[in-house]
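Noted in Swiss-Prot for the protein shown:
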BINDING   Asp449, Asp460, Glu572  Mn(2+) 2 binding site
BINDING   Asp460, Glu558, Glu572  Mn(2+) 1 binding site
Amino acid sequence: MLFSRSPFRLCRISAVGQTRQLPFSRPRFLSASVARYAIDMETVNTSERLARLRQLMQEHKVDVYIVPSEDSHQSEYIAPCDGRREFISGFSGSAGTAIVSMTKAALSTDGRYFNQASKQLDSNWLLLKRGVENVPTWQEWTTEQAEGGKVVGVDPSLITAPGARSLAETLRKNGSSLVGVQQNLVDLVWGEDRPAPPREKVRVHPDKFAGKSFQEKITDLRKELENKKTAGFVISMLDEIAWLFNLRGSDIPYNPVFFAYAIITPTTADLYIDEEKLTPEVTSHLGQDVVIKPYDSIFADATALSEARKQDAGEAAAKFLLSNKASWALSLSLGGEEHVEETRSPIADAKAVKNEAELAGMRACHIRDGAALIEYFAWLENELVSKKTSLDEVDAADKLEQIRSKHDLFAGLSFDTISSTGPNGAVIHYKPEKGSCAIIDPEAIYLCDSGAQYLDGTTDVTRTFHFGQPTELEKKAFTLVLKGMIAIDSAVFPKGTSGFALDVLARQFLWKEGLDYLHGTGHGIGSYLNVHEGPIGIGTRVQYTEVPIAPGNVISDEPGFYEDGKFGIRIEICLADVIMAREVQTTHKFGDKPWLGFEHVTMAPIGRNLIEPSLLSESELKWVNDYHAEIWEKTHHFFENDEFTRSWLQRETQPISK
């Protein structure tokens, strides 16, 4: 899955005009069946909402108002009650920033969502395509709208402290200013229609899956805080809190987290959470080691801690540590930039390096998940080809979930299944809806990006199949993507290498054809946590230069190719170390440093009729055949009493030759 996902409407199909050829050396036209499709996404009339928001902006003396995507914990994934940017703009993708002035409104998003946003935004909105030449960033557009000493407002809990300071400085140079508006203005527009905050119970995540007790994790964190000579750590990221305390929740769809804050000092551990979410089991689990405090008291307590620190030791007192992703509001409550040390979270770094129990769990859950995918694709092919069943994209996704749910330790999906036929696959974060989605066409490419939560790990896998006869052009595109995926999987690199440096390996074969994809190549994956997990990843984001790949990291490997209105191709395998990023033996050790590589754990066959063997090198062909042999070895026992699926698996894992 590609760096964030959020439910969105639609997938109505309508006719389109002529196809546009891909710039391959030997182009072919796409099949007529593929050319029939197009996405017709709903738009929301935002005129009334914008009018009400502008009225509130006048009342609060704000000329420009910023509406981020994130919640007060800077979550990539949010609960329905925090979907403010979607409500005000109508755009339902997971990433983007809305900016509203008294006369204009703009939505900035990245390349994953250009297609979707262009269809969902109504005529009130200007789409700012992030990263496109001569298109302003949302900060630049905001600064332009604020010229002449105007005031820009934002909810200070929804923007990071570094982001707020950077924007404030840019505005100051332009004669304008940034203010924090404590009452969220979009919430006022939303009114009683805004969904209620979740109130789900929290549950204990057993140590046998976590690999460490929460007491051990807090001890390790305190050692880190002592080394940094800080007064304590104020934690706001939800997955970090869940990981630290070995707890899981259900407050955000597909992500087993819960709304909470925490403060860890050398002698205390405070968890800020609504007490109604605690069960007797959770209370017993935390015992006397953790003090429970009301969720809403975090800001008052942070201010009190900051004041007490200054009174005890004055300005020379040790500062509190705060993640550089924490909110502006939380930073201000601790006294602001001069009184806190903002840094990459030490919990994020620790969480990204899985221990032996977590790595074992990731291996095991991916084998079970692979068995589910094998059963699903065998069933799907039989329904579409042999039985001629009419299945829509949602029917198929529901069947996959039902198959997964039969497996041990299943705890739900890790994101909305992207079940997409034909050109719907070109919408990178496509989400079908019953009643408006497409009927799966066996003569078109079918892309399925899906994942599950298991108590022993989190999965994320994409497979692209064609149940008919793919065109030469489709096979070439698929094989170029496959070559890039193999290049990452087979990479050997010195310790200290970043995901930024590895990214070119996945793109090189597409680049030679003048092609590319507008998303990252890989992201970190949590252990029964968020399917997107920092700080590691493989891609062109600058932050991927900050943290090198290390043994114990679990990372996805998912290059792709998409042609709007035609098809999408993506192949994804989860990588990790020691299993997944692991130390490898090399003939030489230049610089006397360790060398690393990857071990794949995803166990699902690659669509063999989409592979063009003549485009693969001998080593790449061997990789495919070895991988398929490994899948057979690790999964065929699941189908001892299912001869149909076993036969399908045997066919799909047979060696390929040129």
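Quick reminder: no glycine exception, Cβ is built from N, Cα and C everywhere.
Note that the structure is a prediction, hence the values are computed from the model and not measured.
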I'm trying to understand the geometry here, so how far is the Cα atom of Glu558 (Mn(2+) 1 binding site) from the Cα atom of Asp449 (Mn(2+) 2 binding site), in Å to the nearest whole number? 10
Hey, what's the Cβ neighbour count for Asp460 (Mn(2+) 2 binding site) at 10 Å? 25
Cβ neighbour count (within 10 Å, all chains shown) around Asp449 (Mn(2+) 2 binding site): 27
When you measure from the Cβ of Glu558 (Mn(2+) 1 binding site), how many other Cβ atoms are you left with inside 10 Å? 29
Reduce the DSSP letter at Asp460 (Mn(2+) 2 binding site) to three states and note it down. coil
